[in-house]
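These come from TrEMBL:
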{"type": "DOMAIN", "residues": "7-219", "note": "domain 'Cytidylate kinase'"}
{"type": "BINDING", "residues": "Gly11, Pro12, Ala13, Ala14, Ala15, Gly16, Lys17, Ser18, Thr19", "note": "ATP binding site"}
Amino acid sequence: MTKSIQIALDGPAAAGKSTIAKIVAEQLGYIYIDTGAMYRAITLKALNEGINLSDNEAAGELLAKTAIDLQPSENGQLVFLDQQNVTEAIRSQEVTGSVSEMAAHESVRLQMVKLQQQLAEGRGVVMDGRDIGTDVLPKAELKVFMSASVEERARRRFEENKKRNIHTPLEELQGEIAKRDQMDSEREVSPLRQADDAIYLDTTSLTIREAAAEILRLAGERLS
Ligand code: CDP
Ligand code: CDP
């Protein structure tokens, strides 16, 4: 039987994790799991239902009665919240501005980590997020912590937004990214940090193709 491995990609916002993870998963024939989309989905529901985002207990109760599904499609991964397609809706500025508050709750993280571990169980997987190498898949055969300068990450988001006809100024995007990174790194429960056995990959001056090739090379080493 062909051996398959688990690949954990962590890092701050707009480092290129999901873009690279998708390419690597496709090349290896593995599933791709975007854990950020799951935190975004529960945040969207909390906003829609007017739940107090600072209430740990209410956040956990809300998630316990929520179905979040990720499904691959020809146009990338689709995200379903209680059977509704929310793939576009979870990328709104409103969700982006609130997701780190929701993701800081222990009641939310405990359930999410369990769900993500179930999704990955016994299969070849590329999973991206903030706590994959440290908490979700601590035994992953390959862990990569991807980053890039905050200026470059804001520039990338700016270009991506332009294609989607969103025109948030570059300085505003940089501020939003830096604030989210800070909240994600300073929270008490599973903060964003590089796992001790993760490889650091600075993508500031790498193209998408170069970054994907480097991760595929590292995966090839683990597979051989
Ligand atoms: O794509 P982008 O970098 O903007 O963010 P994302 O990966 O969609 O994640 C959105 C937010 O979810 C992050 O800023 C974190 O607050 C949270 N998150 C997390 O706490 N743990 C994860 N494993 C993934 C995301
Ligand atoms: O998942 P994460 O938030 O880390 O980043 P992403 O959504 O994969 O990437 C953010 C944007 O940067 C996307 O539009 C990518 O196409 C772009 N990107 C890039 O220009 N160069 C790279 N080396 C990686 C990503």
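Each residue, glycine too, has its Cβ placed from N, Cα and C.
Known features from TrEMBL, placed on the structure.
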residue : record           : Cβ neighbours (10 Å)
Gly11   : ATP binding site : 28
Ala13   : ATP binding site : 23
Ala15   : ATP binding site : 26
Lys17   : ATP binding site : 28
Thr19   : ATP binding site : 17
Hits among Gly11, Ala13, Ala15, Thr19, i.e. binding-site residues with CB under 6 Å from ligand 1, come out as Ala13
Suppose the ATP site is Gly11, Pro12, Ala13, Ala14, Ala15, Gly16, Lys17, Ser18, Thr19. Which further residues of the same chain have a Cβ inside 8 angstroms of that site's Cβ centroid? Asp128, Met146, Ala148, Arg153
